[in-house]
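**Q** Feature table excerpt (TrEMBL):
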- A:69-86: transmembrane segment (TRANSMEM)
- A:His101: heme b binding site (BINDING)
- A:Tyr113: ubiquinone binding site (BINDING)
- A:122-143: transmembrane segment (TRANSMEM)
Amino acid sequence: MAALVRISSLCHRGISPVLFRSSTLIRPVATQKHERDCPYSISARIHATPSYHAGSGSKAAAMHWTGERILSIALLGLAPVAYFFPGPVVDYSLAAALTLHGHWGFGQVVTDYVHGDSRIKMANAGLFILSTVTFAGLCYFNYHDVGICKAVALLWSK
Amino acid sequence: MALLIRTVARQGMCSSRSQFGVFYRHAAPMGTTAKEEMNKFWAKNTQLNRPLSPHVSIYKWSVPMAMSISHRGTGVALSSGISLFAVAALVLPGSYPYYLDLIHSLSYGPHFLAFSKFALAFPVVYHTFNGIRHLIWDVGRGFKIPEVYRSGYTVLALTLFTSIGLAAM
């Protein structure tokens, strides 16, 4: 369970508040010496996930993480299959797996570097459009042109 | 100290004051979430136009650090390349073999071709091998610092030789 401890002292001696981006880190705050120096009240605001969240929280984030890893492993397995058994099934599987892997990867980049509610929304919307167009383009290529496996083979043949 | 905090946290933050023990005489649970706190921090500091302290620009680079951002960089580059390819497939009139022949007529000879293959293969291979390294971390193994460096150098060596091998094909 995540707990963020902020010790703010009335005597203004700085134990700097330790705020991190990751709420799962618990940094020990050096209170012992501090308490000895400052015997009158030290108020500690304990920041904790409210009890109604404890245990029954949404598993969406964890499942997304697992989904990302499963997809990565699937994509890894797809590579030798594409080499030994090229064809439309692998072509469309590659199109789907590559697009989704890239979409989720970009999603992590957005999460890390884009801040502010409206900016995050816009970035994710733009990403969604990009991924949709990418998948559409790859499917079009698979259907109307030589297909992904053949394309790589042709590229490497010269 | 950290153990104490962690133990208290794990037992759940009940309203009973007795759980907080000696160090938290005046403890009271906060009403905001971590996300709200972070947003408040950023809103306040950007509104005050405070500059950001140098961080990435002054920290000493390490091999794991460089490999990590390279993993992200190659991922972004590869994904962008695929998207570009997909858009081109939708927009350009000709077929793939046509454009491939066009590119080949522009190339500067066999060495340039081999180098291009190497340049194309390198990010794919690096991202793949480092991706496997990530998956190994995801099952919880290989976190000790010597192991991190060892696996890192292994990925780099494998990437180099595999890329050369692929470029030679």
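For all residues, glycine too, the Cβ spot is worked out from N, Cα and C.
Remember, predicted model here, so these are calculated numbers, not experimental data.
Distances, neighbours, how buried they are, the whole picture for these features please.
**A** Sequence-distant contacts (6 or more apart, same chain, Cβ under 8 Å) of A:His101 (heme b binding site) comprise A:Glu68, A:Leu71, A:Ser72, A:Leu75. A:His101 (heme b binding site) carries a helical DSSP state (H, G or I).
Neighbour density for A:Tyr113 (ubiquinone binding site): within 10 A of its CB lie 8 other CB atoms from the protein chains shown.
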